[in-house]
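Asker: Per TrEMBL, the features are:
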COMPBIAS  280-300  compositional bias 'Basic residues'
DOMAIN    30-107  domain 'BTB'
REGION    275-300  region 'Disordered'
């Protein structure tokens, strides 16, 4: 007699997904309710789906000891569960993914969905968000995407955003997103040799960023800009530009006086004169100046 055999066969995935999608935010058979966002919108869900798909929800919805003879069962928390810091549309997108393993994204919500995917430990959703961001990246959104990538340790997205900024630097530095970068992320951008912008324009962009940050954080310009200004390549500026910069600097103290002095010294001595080599390398968009030939631009 022939030996028995078995096989797992798969039915139509699209039909299965469509059927599960009908349960998203469907009060029928729902046994858990969330109150989401400032609008306190109710979102209905099914405990068994959330628990089997997400450990974070398992912890939220299954509190209490495991059943045993010595540990009687407890009724799990019934809710409603209040989630005041997330938009209903974002939360429903996460729920859609948990039910269907697919997701509907748009530029308006994708960064917040990425945030939620990290918070809930949903790596597959995180990957889908990163792919969507990379595929739809724009000048207006790239700085916000870079900030999120750094915050959540998405190295591949960080590099993609930085490459985008390097190719469109002059436009990016005029966006609101640029003015909202943290000092750490801005300093990281300024370390790039491939920024397609002249140093004089970059100094002005950093000055505008610093004034916005100073107003938001209610701290002095010199304090909020302490880290990024270390990456400005002042020796690349011509003497006349450096003199104008020094005049402007008297009003907001953006740049430490020792940095300006070091740039002047490099002009006077016609060499780098102790200035770190990275601050004498022209970027991709740096306009040539006559004195650059004295700076030993290729020194490592």
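Positions of Cβ are set from backbone N, Cα and C atoms, glycine also.
The model shown is predicted, which means the values in this text are computed figures rather than measured ones.
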Asker: Cβ under 8 Å, sequence separation of at least 6 from the ends of the region 'Disordered' (275-300): give me the contacting residues as numbers and ranges.
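Answerer: Answer is 166, 169-170, 191-200, 202, 231-239, 262-263, 265-267.
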Asker: Counting each residue once, how many in the region 'Disordered' (275-300) are helix, strand and coil under DSSP?
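Answerer: Going by DSSP assignments, the region 'Disordered' (275-300) contains 9 helix, 0 strand, 17 coil.
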Asker: Averaging the per-residue pLDDT over the domain 'BTB' (30-107), what integer do you get?
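Answerer: Per the prediction, mean pLDDT sits at 86 for the domain 'BTB' (30-107).
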